């Protein structure tokens with residue numbers, strides 16, 4: 001049901017690609033799109049369901065907030081929008097898998113809250129002025145250990161044995177989820193009959209590719225002459241692309257350093273303000289402020305880079321699928337660093353401060369130390385702000401932008417039609433008012449949250465809950481967009497979610513490693529355990545044990561480290577390091593081994609489907625044989 | 001060209017399987033086999049190559065020792081023996097891949113020999129009676145450090161920086177090899193047109209399966225009634241099978257302990273013999289003796305278990321492929337433990353001896369300590385004996401057994417034919433004299449050497465060389481067997497080497513982990529490095545540094561450990577432990593990451609083949625479409 005039929009235009013140049021896409025590309029037409037099947041609003045509420053058009057069915061039964069508890073009608077979506085979009089909504093079924101993760105995460109968090117009072121080492125809160133501590137910056141004063149009682153308690157929320165359990169749980173969750181998603185994809189692909197869909201043979205070259213490819217060559221598969229990109233140009237372009245990524249990553253690092261400096265400046269300002277409240281909470285406030293700044297940078301950089309990547313990927317890839325995969329990978333790598341560099345920094349690199357008389361410095365500022373509650377709580381704060389903030393802003397943005405675009409589109413149409421307007425607008429005029437569908441890339445990119453709920457789950461057990469809430473909103477928001485606000489996109493076939501799956505798999509593996517390191521190095525779990533094992537079963541004296549005294553004649557205040565008076569590491573430090581590394585080795589080997597076993601035991605295609613496929617193949621072969629016999 | 005045509009016999013029972021296999025199974029015939037294409041010997045040397053029969057061609061151009069430098073004529077092998085056997089010989093192409101590994105390994109070994117003199121710590125050889133050492137057993141005397149000068153020098157052969165490089169090299173070698181083997185398999189499968197060979201649909205049930213399956217059920221794929229094994233029986237059988245494996249593994253462990261005890265007894269006997277030569281070399285001699293005993297156990301146990309596994313796997317699997325895979329996995333797991341438990345013990349568990357006044361004991365005997373040259377040299381000795389000994393014995397065995405079998409077969413035939421013998425025996429009589437082909441399982445099992453050359457490569461850099469030599473012999477030996485000594489096997493189709501590939505992949509992954517641990521814990525590489533970093537750039541004083549003194553009032557002799565006078569570990573011990581664990585983490589992450597990258601970048605199917613397949617699919621589709629149009 002194309003509005004504009006493709007006229008075959010044989011150009012004088014050696015371009016062989018023809019069709020409406022090219023005409024739109026060259027400006028002969030302003031747009032070409034399939035029509036929606038009429039209005040999405042019900043004309044009256046007494047219509048029999050069978051008389052509704054597809055769009056009305058989708059809107060009524062699916063694309064409304066009041067249907068939030070309903071499953072996705074994937075077959076209807078596929079029929080109306082094509083397989084690619086239906087697969088996206090099938091992927092959102094991951095929401096259902098988030099439910100157990102969210103429940104367990106919340107339970108872990110609640111159990112942390114419940115046991116907070118009984119489990120915080122008493123020495124901190126009741127120590128009074130017993131432990132005056134080393135000043136945190138050059139111009140600061142010494143402070144009392146008991147000042148940070150609240151922070152220590154809060155720290156316990158994110159740093160108790162339940163967290164360790166939860167991060168193991170989430171590693172398994174992620175892999176099991178991916179395993180079942182594979183099966184789901186296979187089932188859907190078979191159900192929709194695109195299991196044997198081979199992109200390269202059946203997809204046409206993209207019009208952008210056809211328009212810019214410098215030479216024409218015979219396609220080795222079909223034998224038809226086609227636009228072609230010589231290998232050499234390809235290499236040089238790939239090189240340029242990589243350089244741009246590296247450059248942009250450098251920019252990200254620069255921004256990261258800026259944020260770190262900013263945090264330092266804010267906390268120094270707080271200290272010097274003199275207010276006692278501001279002073280004790282200086283770290284937290286600085287952290288929150290800088291996280292917000294960071295979020296701003298992340299969003300802006302993301303926009304800039306996506307636009308850049310679009311330019312970089314535009315020409316080189318023959319089919320839409322190839323193009324999408326290359327674009328996705330490119331943007332993902334960037335966005336990954338963009339989003340996760342700051343949490344990674346806090347989790348693994350913050351806290352290498354050295355010791356009194358020998359502080360490490362960066363641009364003349366003393367290296368940051370984590371706040372008194374430990375690095376994990378800072379990480380949690382930051383994750384909360386980046387993840388939830390991003391989700392909120394994104395959803396709002398999507399909502400507003402689509403409204404604005406629709407309004408602009410309407411105005412353009414009005415100016416084109418002039419006073420020529422009829423009483424009842426023709427359907428293509430009606431649809432022209434809508435926003436062109438921008439593809440699914442942005443939608444999938446929101447699944448960066450998969451990283452937040454797996455990689456840093458040890459720091460932020462509530463992440464799955466927030467992801468669940470976000471996805472719940474996201475589904476209906478996207479449904480509404482596709483049904484009501486977008487022009488109907490040209491249906492595209494697909495048998496899976498492409499390179500996204502590989503990305504998710506890489507993320508889930510990375511998450512196991514990150515969690516191991518997080519528990520071993522960032523969390524206080526192992527030092528406490530070792531202390532209990534070696535010295536006393538309760539944690540009495542633990543706080544005192546973690547304190548080191550500065551070199552003689554420098555200051556009498558202790559600081560947090562396992563060092564002796566010369567600043568050298570103590571035996572306990574090395575023991576602890578061995579335990580930490582041993583923990584990482586044990587954790588990774590066990591988890592990866594079990595994951596391998598799961599991967600091996602659970603077949604990628606459900607058994608019943610496998611049988612069905614075999615049966616079909618068998619019947620097809622039989623039919624062919626009979627047919628040939630009949631011909632003979 | 002079957003000798004005996006299958007008569008269709010419809011049994012009275014509900015068995016539906018018929019055919020010559022069943023008749024042979026029930027004893028109606030003594031054998032059924034395809035005939036060879038005449039004699040393999042050339043009748044005269046002046047025959048034109050075109051007049052040779054296939055068997056003669058194979059014999060003349062391939063199955064002779066003097067063709068040792070020739071490639072495998074895979075297409076001819078396939079034509080004569082079928083895909084399955086051709087794939088086996090293709091797999092032996094791994095021999096070619098062994099070449100670089102063998103060269104590098106030999107170079108590493110030679111470089112060890114060259115630098116042996118310059119690199120052994122002088123303190124050992126020139127110390128004289130400076131370091132009298134703690135006695136090695138209860139009744140032994142103290143000994144001088146300088147006694148072990150030779151052993152220390154030899155130890156250096158297996159324990160120098162080149163070894164570390166070589167084990168990294170071999171990890172990459174293994175994965176690259178597997179990657180290319182995948183490509184080779186795909187190419188061969190396409191070349192032989194069995195890429196779309198689906199075992200389950202196209203293979204018939206095995207006669208043993210058909211004969212013992214308790215019920216008949218409709219095959220869900222073909223819809224034909226077929227013998228069937230209910231799920232319940234299957235589970236109980238699987239349980240029995242697992243139990244037998246566990247039981248047998250326990251037996252292996254018992255034998256292992258026996259070997260350890262035997263080693264202890266031998267070395268004590270040596271010490272008490274009084275001869276100074278026997279005393280210094282006691283450890284080595286004991287080790288070699290016990291390794292030989294161990295090899296004997298391994299070979300006997302292997303035979304017993306394989307027979308057992310055959311019984312266990314006989315009934316349950318519908319097709320030959322399924323049966324082979326199950327059998328292979330079962331035997332492999334057992335043989336793996338059987339072969340590798342002893343080297344694993346020496347590499348990772350030997351040497352936990354405790355310290356004077358507090359020795360660990362096993363059945364009243366003090367735990368074994370590694371000899372003065374380090375555990376690595378003992379491991380190398382053991383590997384040498386097990387690997388080379390096994391290969392020698394296997395090849396000799398194969399040779400003799402096939403001769404004996406052939407002789408017996410000939411006698412049976414003679415007694416059947418009686419005096420009835422004709423001048424020229426008929427071809428089926430000629431072939432009846434040959435040995436029935438026993439399948440490829442035993443042949444593939446010899447590839448256990450893949451484990452020796454990857455898992456323990458850090459200890460024994462010459463392993464690839466020995467494997468190469470063995471394979472070179474193996475190829476021609478097997479070729480001769482198949483062409484001249486075996487009855488011609490029924491040709492079987494196969495598109496890959498089945499579960500063996502998964503086993504090899506598992507081995508290659510395991511090897512990375514094993515090498516990391518071997519370098520970190522068994523080798524002296526890291527302690528030396530850390531000593532150089534912390535104390536002095538040359539190794540002066542290193543030997544003294546590694547010695548600890550026993551608790552006061554016990555004995556004045558030092559022993560090898562990083563402990564203080566109370567037997568507690570020193571700071572250096574913990575530092576070293578941290579370094580070791582850190583090394584494992586770094587090594588594994590880097591190697592696995594690179595391996596992943598290789599796996600990702602190198603496509604499983606060569607690009608040109610991929611294009612070809614696509615082209616064929618495209619043409620087939622076109623032909624089908626045209627055909628249908630023509631019909632309409």
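Placed from the backbone N, Cα and C atoms, the Cβ positions cover glycine too.
Per TrEMBL, domain 'Anoctamin dimerisation' is recorded for A:1-74.
Look at TrEMBL and you will find A:77-616 tagged as domain 'Anoctamin transmembrane'.
According to TrEMBL, the transmembrane segment annotation covers A:85-110 (among others). Residues 72, 74-75, 77-78, 157, 162-163, 165-166, 169-170, 173, 177, 180-181, 184-185, 188, 192, 440, 443-444, 447, 450, 453, 457, 461-465, 467-468, 471-472, 474-475, 478-479, 482, 489, 492, 494, 496-497, 500 of the same chain, all 6+ positions outside the transmembrane segment (A:85-110), place their C-beta atoms under 8 angstroms from a C-beta of that stretch.
Per TrEMBL, transmembrane segment is recorded for A:163-181 (among others).
Summarising the annotation, TrEMBL assigns transmembrane segment to A:244-272 (among others).
Annotated transmembrane segment per TrEMBL: A:284-308 (among others), in sequence order.
Within its own chain, the transmembrane segment (A:329-348) is flanked in space by residues 241, 245, 248-249, 252-253, 256, 259-260, 291, 294, 298, 301-302, 305-306, 309, 312-313, 370, 375, 378-379, 382-383, 386, 390, 441, 445, 448, 451, 455-456, 459, 499, 503, 514, 517-518, 521-522, which lie at least six positions past its ends and keep a Cβ under 8 Å from the stretch. The transmembrane segment annotation in TrEMBL covers A:329-348 (among others).
Sequence annotations record features per position, and here TrEMBL assigns transmembrane segment to A:450-473 (among others).
Annotated transmembrane segment per TrEMBL: A:497-521 (among others), in sequence order. Residues of the same chain lying 6 or more positions beyond the ends of the transmembrane segment (A:497-521) and with a Cβ under 8 Å from any Cβ of it are 87-88, 91, 163-164, 167-168, 170-171, 174-175, 178, 181-182, 185, 321, 324-325, 328-329, 332, 347-348, 376, 444, 447, 450-451, 454-459, 580-581, 583-584, 587-588, 591-592, 595.
Under the heading transmembrane segment, TrEMBL lists A:571-595 (among others).
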Average the pLDDT scores across the domain 'Anoctamin dimerisation' (A:1-74) and report the rounded value.
70
Report, as numbers and ranges, which residues of the same chain sit near the transmembrane segment (A:571-595): CB under 8 Å and 6 or more residues beyond its ends.
168, 171-172, 175, 509, 512-513, 515-517, 519-521, 526-527, 530, 534, 562-563
